[in-house]
Each structure stands twice: as C-alpha cells, then as structure tokens.
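**Q** For reference, the structure I am asking about is given below.
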Amino acid sequence: MQRWPVLLFLAWVCFLFFAGIGLFMSGFLLTRIELTSSSSCSDPLVPPPWERQSLPPGSCWAPQRFSKAVLVIIDALHFEFARFNPAKASPLPYENKLSFLHHLATSEPRHARLYRFRADPPTATMQRIKGLTTGSLPTFIDVGSNFATYAIQEDNLLAQLVQNGRRVVFMGDDTWEGLFPNKFFRSYFFPSFNVKDLHTVDDGILQHLYPTVDSGEWDMLIAHFLGVDHCGHKHGPDHPEMAKKLTQMNEMLKSLVDHLGNDTLLLVAGDHGMTETGDHGGDSEKEVNAALFVYSKTSLFGTDPPEEPEAIPQVNLVPTLALLLGVPIPYSSIGEVMPELFSGDSSAVSAALQQLSVYHINAKQVDRFLHSYSLVAQDLPAEQLQRLQELLSSTMEEHTQFLAQVQGKTLVPPELESWLGSLISRFQLYLREARAVCTQSWARFRPLRMVGGCTLIATSCLLCYVESDSFYRVCLLYPLLWGLVVAVLLVLARVFTQEGPDLLLVSSWAAAASQLVFFWHWWGQHPKQARLAGSQPPLASVGLRQRIREWLGLAFPMGILLFRCGAMFSDSFVVAEARVAPFMLVSLVMLLVGKLHWDGHLTASEGPKQQLLGFSYRREIWYLLCFVAALLVCVRLSSFFHQCREEIPQCRPSLFLSPLASLRNTRAKNLFYLLCVALLAGLVYAVRRWLRHYGNLNSSDPLVLFVRWGFPLVVLCIACYWAVASSADDSLGKLQELVQVAVVAFPWAVYGLASVGLLLLLCNPMTVLAKTTWESAESIVTPYLGVPTSEVDLLHVIPQIYKRMQESQKSRLERDSCRATVAAYGLGSVYSAALVIALTLLGFFLMLLHSERMSLAFLLLFLEAFVLLHIHTCARGLAGDAEPFSVPWYAVISWLLAASQFFYSTGHQPIFPAIHWNAAFVGFNLDHSTNLLPAVLVGANTFASHILFAVGCPLLLLWPFVCEMPGSQRKKPKKEPREELQEVEEHMMEMRLRESPEKFSTALLQLGLKYLFVLGTQLLACVCAAMILRRHLMVWKVFAPKFLFESLGFVVSSICLLLGISLVMRVDCAVSTWFSQLQLR
C-alpha cells in the first residue's frame, strides 16, 4: 500500500484550499486604515472665537469644566437593567435593581440623567473598549482578536490625558492591559476570560476603589466590572444570581457617590447589552442597547430631562469627555459632543453659545480627520465627501457671519436664539452625516485578492473532481517542485527589494504555480488515457448505457449539493439552515431509495419475498427501510437541540443547551443527570458490544484492556464531573473548596485517559487474537477451536490467511501432511475497530466540553452515523455495485450533510453570540496563561460534528467490507477441502482490501478527494456569496460570519480527515507487521 504519496497528495490539496482561504480573507476582512496622527493643544485647529480671549489654565481647545472624572463600566449593562419602573409590582430578576440611579435622577434632575447608550456592532468587549476610547468604529475582523488584544496605536482619550499630564488609574478587566500598555498611573488588573467566575474582578475592584478615590492621586479613574456580564453568560439575565449582582452594583454606586467631590464627573456605562440567553457579539437590539448614566454634584443640565431617555451613540462619549476635561479630542474620533453637558446654570443664550462653540470645534476636528483619511485611503465615496465639505463650508461661513454680528451686538435676543438654533442644527447634521458615511463605507475591500482567493478555491475543487487514480504519484512531484521554486524566487525578490516577504502572497503564488503544473501534466496524461480506452474491445452500446446510468446516479446527489451551494446566496437560507440541512439529508436518502426502486433493485424474483403495496420485495429491502425509518427518527429528535438566531424572533432556544446547574427543580435536575449518565453508559456498552461481536475484544493487548476497563472509567469521571458541576453553586464552606478541586480534577482525568487511549491506539492499533494449532489434513481452516460456544465463534472468527499462507496451505494439502491452522479473531474488522475506538475517545472529550444534556445529541450523532453507514451498505448490496473500492458520491454528500446537521443540533449557529465560551474553562479554574489552549477547547466545542464525521470518513469505504457476511448460516453438506478454502476466501471482510494494496490506497485517496471536493464546493459558495454581496445590507450580519465559520470548519474537517486516513494507514502498517511475524512462526 502506498501510504506517503496518498497523505502527501491530500496534504498538498489542503494547502491549496488554505492558500485560497487566506488570500480571500486578506481582501475581504480588512481592518480600516489607522492614522498615526494625534491631536495636540498647539494645533491651529480652532482659533478662539473672541478676540483676545484665552483659555483658563489646564484647558485645551475649550474651557475645562471638570478636573476629575470617574468612568464606571458595568460590562453588559443593558438599558433595561438601569431603568427603574416603579409600576412593576413583580419585577424580573434584572429589573428595578439599580434603584439608586433612579433616586438621583428624580431627586436631582439637573445633576443626573439616564441615556440609551447605542453600541456599534460587533458587540464584543474589546471592540467596545476601542470605541469608548478612540471615538471610532472598530471593524468586523477585530472580533477575531477579542481575547488576543493588541495595543491601540490610534489616538485615544487615555493617550490625550497622559500626554497632557493627567493621572489615569485603572482597575478591573485585564483586557485594558493589552490595549493600553504603560498608560496608567496606577492599575489593578484582574483576569477576565473565566466567564464562570462572577466575583473575582468585582471584589478586587471594590477592594481598591474607595481608598483610591479618597487618596485624590488621580485625574481619571476607570473601573471595569465584569460580574454582570459573566452572570449573563453563566445563568442568563433572568436568574436570581443576576439580581444579586445588580444589587451589589447598586450598593457600590451608592457608596461611590458619597466619596466624590464637587469637581468630579461620574459616568456609569455599559459597553454593550445582552440577549435573553446572556450572550453578545452581534447587532441585535438587545445587544446594542446599553445604558449610560451621568452625574455630578454640581449642576450639569440647564433643563429637566425628557420623558423618554435620549439615545446616543457610544462614540459620542469620547469628544464630550475630552472637552469636559480640557484635553483635545482624539484625532480619529467621529463622535458628536453631547451639547446638554455644556450648558450648566447659565442662561439659555449663554448655554447655546457654549454649545455652538464646542460644535464648531467638533466639526473642525471631524473634517480634519476625513481630509487626512481620504488622502491615504479610497474607502469613503468622493461625491459624499464633497457634499459633506460643501455643507461644512456653508455652515462655517454662516458661523463667521454670526460671530461678527454677535461682536457688533446688532442682534436682538429672539433673533439671536433663532440663529443659534439654526447653526447648531446644521453642525449636528454635518456630524451625523459624516458618521453615517463612515459607517456605511468603512470596509476597504481588495477585489484582486478576493478574486484570486476565489479562483484558487475553485481550481482546487476542480482538481479534486478530475483527479484520476492512475497517475497521481507522477503528477505530485512536479507541482511541488515548481511551487517551491516560485516561493523561493518570490522570497528572494522581496529580500533584494528590501521588503519583508509577505508569506500569504508567497504561499498563494506557490499554490497557483503548483496547480498550473498539475493541470498541465493532467492534460498531457488525459489524451493517453483516451487512446488506451479506445484500444479496448468495442462495447459502445454497453458503455453508453453504463455511462448514462452513472450520470443519472450522479445527478441526484450533485443536484442536492448544487442546490445547497446556490442557496448560500440567500440570507434567508443561511438564517434557516438549521432546518434546511436535515431536510436535504432526508431528501437525498429518499431519492436514493427511489432510484433503487426505479432501477428494479428492490423488486426481484429470486430470494425470499414480502408483499407491500402490491409490489414484491426482496427481504433485504426491509433492512434498508428500517434504517431509513431510524434515520427519520434521528433527524426529528436532533431538532430538539437547537440554538436560535435573533433574526427568528418566534424561536426559543432548546432547554437542553443550558447546564444542569441552571435548573431550579432538584428532582428534574436529578432525573436529567441520571438520563445523561445512562445514555453515556449505553454508548460505551454499544461500542463494546460491537467490538465483541466482531471479535476485537478477545486479545490481551493494552488497547483491548483499555477498551474493557478504561472506557467505563472515563464514563465514571465524566459522570462525577457532571455531578459536581451541577451542584457547585449549592455547596458551602469546606465542601465548596473540595468541589472546586473536583471540577478541575475530573476533566483532567478524562483528558488524561483519552490521551492514553489515543496513544495506545497509535502505538499498537491491532485488536486481533491469533490462535495456532496443528491438525490433520481433513480440515483446512477452522473458524473456532473446539465446540462453538458463542455467536463470535460461530460467525465472526475470521480465519484470515493471507495469500502466501493460502498457497502454503494448498501445497501442504496436496502432500496430505499435517500443518498449522490459524484462527484470527477480529482480523476482518481491524481497520474499522481502530476508527470506532478513536471516535469513541473523541466523543468522550467533546461531550465533556458541552453541557450535560447535550450528551443526548451526541448519542443521536453516533446513532445516525451508524444508520447512514448501513443505508450505504444496503444500497450498494442491493444495487450489486461492481466497484467495491469506490465510495459513491451520495454517501459522501450525505455524510457531510449529517455533519452540518449536527453542527446545529449540538447547539451552535454560524454567529459569534452562539459560541460556547464556557468550553474554554472545562478543567480550569483560573485564567489561561496562553490563548492557544482556550482556542483549541472552544474550537473543539464549536466544530465537534466536523471533527467526528471527518475522522470517521474512512468508514464509508470500510463498512461494506465489515458487513460482508455469509448469506446463510444453515448447516451445509460437507465440502471438499479445496471448496471449503475457496468459501472462506469469499468472506474475508476488510482483508479483501489487502489483496489489492494499490486499489486500497487509491480508494482512500479518492475518498479523501471527494470529501474535500464537497467541503470545498460549499466553501466556494460562501466565498462567492460574501464577495458578490459584500455591499449587501446583511453582509456583516449573515454572509461574513457564515464565511468565517465555513472556512474554519473546512480547516478543522480537512485536518481531521488527514488524521482519520493516517490512522487507517497506521493500522495497515501494523497488519503488515502482524502478518510478517505470523509467517515466521
């Protein structure tokens, strides 16, 4: 068997796809250009409007109104959390808990006010921090670095404060440490990633907050609380723990106000909101609707608050706070000042004049940024920039005329107020339209890179489809060499031009060059194959009929695949794909059954028959119909484990997604726990029963012993972890400490046992027991020793004597001499047994990363995979497939449709709020020291179905051989020795693959290429949809997340496919060694 050429070829094809994905991403998901310029007090931006007017000390651009400010960020503070409704007699756990804010707003209406604080998506914490400090709009791709933050290089509020000699003190979320290194006068950072920890960050802040405020050694104090956000992730907003956490925040604010001075401004803000399930990251109303509360012991507002709180964008906080503290507005800010904060106790005219002054400053600053940005980028449409410039110019002219009239004192108060209102409205219009232009046009695409990436993916799909089995080793060497040569030349060219090599471009050009060489050689080989085919005996009519039948057989699965890919261009399909993918799977299977009936394979005259609907059916079809019915049941049950998207408001998330700890009914919690443990034990029992059925549990090798004793031990550890995790919040005192240890210890025990099992599988994957006896020549091969005692001995003891040993048997038979007889238990299913064991170990690991009740979904996953394998086997047996080494397209497509189905049925959606971040802390109590491990755990949780189906893909090739059984077990008349040996040879199961090692390796290659083709076609559809619809209204909400998840799913699936095929080849190597040792006996 050619092992390395197959693996290298598949790895090369995966590299081609990876290069195409990377190239497309570099053109599609781009961050906006960040300007390095920064504002300063010496900027000739805003000359004083009045002659000989000078700013007071400590002021810059505008008079300083406050010398100190406290910014309290309560992460995920939804507006409804801060709003107080006294009419509610029975408020929900998150309602009416921040009563102190209501008390301040009603008792001191000129000192306090509540706002709707509108966050710009994406609503991840790091992006919101960037918006709250730079006044700009983070782009979509920044979501990927939410937990791997980079220092903010743009001009920002903290940089301006430090640049102007202000002392900034921070305490709370350690995300700020990566964003603003060396910017804080004093800092107290606490780990933020453990969403199960509700108290560490908040308690740490409270320990330092009041002493720091009283010390006075600060000018800007930022406290970022995380308890509310973590409570939402862990329990959701409608939970008693949320009431406790909001009450704690209310008491904190009450105490904090008592410590503030008259020259201090207090701002309480939420960086984003949260959904009904406690998640965030998208752009739904609940996620972007945060709260902002402003308070000062001196009068802030000149008028009473409106009946309904005003909604303001979060970017408006930056210019407002900068001018209130007397520092320049950050250079890249596109926010609008909050004019009411510049009114104070002065008269209406004086307040309007002050507001006009800050609007003038704000507009000039935004105009400067737009001008500078347009010089280095072409993102913003020129005609819209021109229109904005004309609007600002006319407003500035009118503003100059107004100032001249005011200085000449020629305006009477009514006319003055009217003109002031008109000018302020025009400045507001300019600022809001400027922000709208930036919001609509922020992404800067690179069409050439997008087209290049799309082309690479498309040609890689074509390569997978056209690859032949006769010359792949020849066509592998030259593409690799040419690709390497092109890569080296590009690197040298970049070095000699004193530019660093762009690894992405180098990889893309190398991939394109190797592809071009491959197709050149393939085209050269294609005419030769055509000539060889033409030299065969002329069977034109049979060949034509066979070809038509093959095309018809290909039309159904390919039609389903093309329909799925075409529907990727519809946002409605992507939103509803959780329901469409199972429908397509069932449709494909029903079309398969219909085609079998159409071809007459379900009605035949020979064999036992049954009557159904007037047709005569072979008995074997009943097995197929039963498996189809089982598939329908699995698909229906899997729909109960769904996650919802906010685009479907009537949808309610599955109750099975929440952990057992969230259940308040103790009896229901216990019943669900027992059910989950029972199903987990049932899975282990089914796997061991299958292995025992095929004779793979008879030896005493370490792997077999691990399956016997290690599997139950893993189940015990998982059950114990579920028990302590579901009751962790109810334990008290010393028991709490013990539970915390157990919550970490049991997952690590599972990790360790699963790792040991996989290592044993790699070291010695053979699960075969060989017995040798000496017998007379009357019996050639015996499937058991002594009297048969079990079904294993009777049916599945595989006396697999390899070809050389069979020849030796024949020669000894002719000499009528005594010779050795070998009975090999489990040899006929040795490849499948290794894969089943590996999939079970992976299933344990992946179930641990999900909530307890999701074990039901994983049981359905294994059951549906088992049913699909048997449907595939029955269909091939009924159709009388003459190519046992070729896996048909319908099997591969149905396998991948099942993987997509269970992506949704394990509680996932291709949106960021649906990511199960809790998986990063299964087995970890504290924060991670590196981002790699949590990324692996979260990725494994998200793409669990991709992992299992990709690793199990070789079963599509192996399963029909495993199910190769004698047609009847009735007692037959005694045959001659040679006839008995020939009958044994006819039922060799998976050993039939070893009789043709070239066909075996080619079959694995073709199966891998078909799998990559289907994956690549789906990916290509998502890429084209994202590229063509990049200006679509739903691109960042639907198409871009779908593309990202599809790309990551492709990477995970392709790697796991290589691992699954590598495991089969490792078993094949072990089988060769076993035969070699057996012949030496």
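Just so it is clear, glycine is given a Cβ too, placed from its N, Cα and C backbone atoms.
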**Q** Kindly point out the range from 887-904, 1031-1048 that TrEMBL annotates with transmembrane segment.
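**A** So the range that TrEMBL calls transmembrane segment is 887-904.
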**Q** Among 3-22, 943-962, find the range that TrEMBL records as transmembrane segment.
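**A** Checked against TrEMBL: transmembrane segment maps to 943-962.
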**Q** Below 8 angstroms Cβ to Cβ, which residues of this chain, lying six or more residues outside the transmembrane segment (448-466), approach it?
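**A** That would be 13, 16-17, 19-28, 508, 511-512, 515, 518-519, 522, 1009-1010, 1012-1013, 1016-1017, 1019-1020, 1023-1024, 1027.
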**Q** Are there residues at least 6 beyond the ends of the transmembrane segment (621-641) whose Cβ is under 8 Å from a Cβ of it, and what are they?
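**A** Residues packing against the transmembrane segment (621-641) from afar: 579, 582, 585-586, 589-590, 593, 596, 602, 610, 654, 656-657, 854, 856-857, 860-861, 863-864, 867-868, 870-871, 874-875, 878, 901-902, 905-907.
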**Q** Rank 581-600, 703-724, 855-875, 943-962, 1009-1029 by Cβ pairs under 8 Å to the transmembrane segment (1049-1075) and hand me the top one.
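**A** It is 943-962 that shares the most Cβ pairs under 8 Å with the transmembrane segment (1049-1075).
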**Q** Between 703-724, 822-849, 855-875, 887-904, 943-962, who has the most Cβ pairs under 8 Å to the transmembrane segment (581-600)?
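**A** By the under-8 Å Cβ criterion, the transmembrane segment (581-600) pairs most with 887-904.
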